[in-house]
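Per TrEMBL, signal peptide is recorded for 1-38. Taken from TrEMBL, the feature domain 'Ionotropic glutamate receptor C-terminal' applies to 431-816. Sequence annotations record features per position, and here TrEMBL assigns domain 'Ionotropic glutamate receptor L-glutamate and glycine-binding' to 463-527. According to TrEMBL, the L-glutamate binding site annotation covers Pro536, Thr538, Arg543, Asp753. As annotated by TrEMBL, transmembrane segment applies to 582-601, 652-678, 837-861. Taken from TrEMBL, the feature site 'Crucial to convey clamshell closure to channel opening' applies to Leu685. What TrEMBL lists as site 'Interaction with the cone snail toxin Con-ikot-ikot' is Arg715. The annotation disulfide bond is assigned in TrEMBL to Cys765-Cys822.
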Amino acid sequence: MTTGDEAPSFVSEQPPTVLLQTMFWILLLCSLCSLVNADVDRRRYSNPTYYNVGGVLSSNESIAFFKDTISNLNFKDKYVPRGVTYHDYSILMDPNPIKTALNVCKDLIAHRVYAVVVSHPLTGDLSPAAVSYTSGFYHIPVIGISSRDSAFSDKNIHVSFLRTVPPYSHQADVWVDVLKHFNYMKVIVIHSSDTDGRAILGRFQTTSQSIDEDVDRKVVVEQVIEFEPGLDSFSDKLIEVKSAQARVFLMYASKTDAEIIFRDATYLNMTTTGYVWIVTEQALDAANAPEGLLGLRLVNATNEHAHIQDSIYVLASAIRDMNTSEEINAPPSDCDNSGSIWTTGRLLFDYIRKQRLENGATGHVAFDDHGDRVHAEYDMVNVRAQGEHVAVGKYFYSKDTQKMRLELKEHEIIWMGRSSTKPEGFMIPTHLKVLTIEEKPFVYARRVDDETECFTEEIFCPHYNTNQLYCCKGFCMDLLRYLSKAINFTYSLALSPDGQFGNYIIRNFSQPGAKKEWTGLIGELVYERADMIVAPLTINPERAEFIEFSKPFKYQGITILEKKPSRSSTLVSFLQPFSNTLWILVMVSVHVVALVLYLLDRFSPFGRFKLAHIDGTEEDALNLSSAIWFAWGVLLNSGIGEGTPRSFSARVLGMVWAGFAMIIVASYTANLAAFLVLERPKTKLTGINDARLRNTMENLTCATVKGSAVDMYFRRQVELSNMYRTMEANNYDNAEQAIQDVKNGKLMAFIWDSSRLEFEAAQDCELVTAGELFGRSGYGVGLQKGSPWADLVTLAILDFHESGIMESLDNQWILRNNMLNCEENEKTPNTLGLKNMAGVFILVLAGIVGGIVLIVIEVVYKRHQIKKQKRMEIARHAADRWRGAVEKRKTLRAAILPSQRRAKSNGVKETGSISLAVDRGVRRRDEPRIPRYMPAYTPDVSHLVV
């Protein structure tokens, strides 16, 4: 009984055995549900519950281990679901590949095996291939546990072959990491001409050139020696490479071929101190392997049991994954039925290829796309005296980084010649082939006919690959001399083959394997046709990817060269102080004031006109011409002797006009000095950020040199893309032509290295650099990638900077007091010349010519007036004489007419008419001619006759 305050308790009243039974039944029910669900998933596709696995193994011991492994597999729930059982069918490997193929059909395929595990025979090499061909025909997966030939990676032939061992060619991956560890960047590869030899070379070249995270440490293959297997002698090949720079040999060869190579190399002293030999597993077993040899050995390579176990577990994992997501069909059971293709086999191959064993018996088990084992572990073996093999490192899979990792005990390695010191891996050549390019002031080139014509400060530098001979001098030539003495090398110098620093061209741009091909100086280094470039070679990322650079011997940047804007000194320069509007107003003011002065003096009661009439003085009155003369005289500050205003009002205006003239003349004089003397031309551009350069619509031409470092800089800068597209069409082949066009005014802005442009601006004060430097970089000495001279050259250049050699070269070749002259010219006031004041002289000349023209006009006009006056005088005199004659006749008639009248009235006969007519017909010269139409007049003189 429980009280009302107590809650019923059932658990406490149950005995412990009942509680345990209840928990047991619950767990059993959950497990049954999981089994039912798994069975439902498996039966969803009606997948089989029995899987047969075949084995073609090399020994009875391996067959027994194979059976035990499959038996134990059935009890591992991790790999085998409940209700699934694996059975084994195995046969011994026959050295005869035909018999092996027949046994596979009869003893394995006939029992419907889902996969076949195959090892390598004790003798013979073709039996694993026979198993692969036979099973692959029906797409039955084959897992190899010892076959390492590269031919099995070809899925066109071995369509369903996988392996838990890597092919021999995968040793190239270890080679690359070993070389990087020892910093050996230049090697010689020796390999046989069979499939494995060519495969290991191809994989090594691909792996060594695809290390994206460390582009500065790519391994370069200096030479490749390929030989036919079955050598008798290898001396000729070794003699060819004995003079090579690399001293690191990578070799893939069989045991017998390796013995021949080691024999001849020892005879030629190529296994002594300074040489490094790194070989593959087969060559490591050579009986005469020299002391100090380094080789690779695959871990668990001969542990067949471990590989059998890993292959079975990988297969079980793949079938487990397929059971949950794929429908599995029964494999073929008869080799005679050639028409049936097992589609499940293809899926099973893909599932096996995707499996990973983190803790397999042979390490981390994984496969690549070809079904080859990856992440296999190797030991680095060092050959000691008496042929002893000592492991000095290992190559293993790191679970932390999930990558392969190399660990070496470098201090335990005995190198060739029993040396404990790591060799440099290369032989430093003492005679270098050096290239340069003509670029003032770093390199001056002078054409000659013979080498003996070069002066002491010059170096003989024939044009590369031509018969043209030159002598070179300059900054870089002196630098080359200093380097040669400092690091002890000799050289032969040549000019650039095409006059270009070098540009890259991308071949097969649309394809994944597109490559950059270099031209010019860079191309000669990249393709190892030259050893060094001593020139103003700009250091940039594009070039540094393919060649080695020293530390900069001169720091510089990019700037803009342009021609100084010329002064606006024209024939009317003297008019520049005032604007056109002001000049017009001054001209108008002169004549307006003159007119007002004339009017004031004309109408003033105290003016000259009034005074002349009042007091009778002979003082000339102020006319309009005199007023204009007065106004101009005051403005031009000339003496006024006559024609001055008399009235007070006009004189007040004259004083105001004089003050106006003083201000105008003073302002004109000050501005004229500013315009013609103190004016300094400024650059047209402010720098690379000038809007006129960025604006593609602006009519301003700028350019650089095609394929140069400046051209690459503009291609890299996204913000300058519009500007680059505009200037790309204007780019020049060389800097000389561009600078000349700037001087001639054909090019407005040339973008180039600051060192060269500042030198040109110092040489020619008409040129100027605009804005601040941008794209700062430096000039470096170029060398081949991995060149042994790189560090030595860098250290020498740093020493030159500290010792002041570089400063002295700058003073000698770049500065040369040129900039001082231009600076002094800038500080000196400009002197006015004829160009500035030519307009004034022309104005005077125009005045002289105008005066002469006017005097001619005046003379002509005066002569015309005189002639006109003479004609008027003659006419007037003739008129006077005619008038006098007329008057005389009138008087005579007036005297004769009364007498005639009286005679007529008296009847006197006109007797004197004839004599009078005669007298009328005879005229004196001084008498005027009487017109004929005048009526004849005969005076009556009858009264005069007695």
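Using the three backbone atoms N, Cα and C, a Cβ is placed for every residue, glycine included.
Across the structure, Asp753 (L-glutamate binding site) and Cys765 (disulfide bond) are spaced 18 Å apart at their Cα atoms.
Taking all protein chains in view, 25 other C-beta atoms sit within 10 angstroms of the C-beta of Pro536 (L-glutamate binding site).
Between the CA atoms of Thr538 (L-glutamate binding site) and Arg715 (site 'Interaction with the cone snail toxin Con-ikot-ikot') there is a gap of 15 Å, rounded to the nearest whole number.
Annotation: Arg543 carries the greatest number of neighbouring Cβ atoms among the recorded positions Arg543, Arg715 [cut-off 10 Å, Cβ to Cβ]. Each residue of the domain 'Ionotropic glutamate receptor L-glutamate and glycine-binding' (463-527) gets a DSSP state, and the totals for helix, strand and coil are 20 helix, 20 strand, 25 coil.
Listed in sequence order, the residues Phe501, Leu537, Ile539, Asn540, Ser708, Ala709, Ser777, Tyr779 complete the 8 Å Cβ shell around the L-glutamate site centroid, once Pro536, Thr538, Arg543, Asp753 themselves are left out. Looking just at the domain 'Ionotropic glutamate receptor L-glutamate and glycine-binding' (463-527), the mean pLDDT is 85. Of Leu685, Arg715, Cys765, all annotated as recorded positions, the residue with the shortest Cα distance to Pro536 (L-glutamate binding site) is Arg715. Maximum intra-site Cα distance, L-glutamate binding residues Pro536, Thr538, Arg543, Asp753: 16 Å.
Taking Cα separation as the measure, Arg715 (site 'Interaction with the cone snail toxin Con-ikot-ikot') is nearest to Arg543 of the recorded positions Arg543, Leu685, Cys765. Cα spacing between Arg543 (L-glutamate binding site) and Leu685 (site 'Crucial to convey clamshell closure to channel opening'): 31 Å, rounded to the nearest whole number.
Sparsest Cβ environment among the recorded positions Leu685, Cys765 (other Cβ atoms counted within 10 Å): Cys765.
Shown are the binding-site residues Thr538, Asp753; the one with the most C-beta atoms within 10 angstroms of its own C-beta is Asp753. Cys765 (disulfide bond) sits 17 Å from Leu685 (site 'Crucial to convey clamshell closure to channel opening'), taking the Cα positions as reference.
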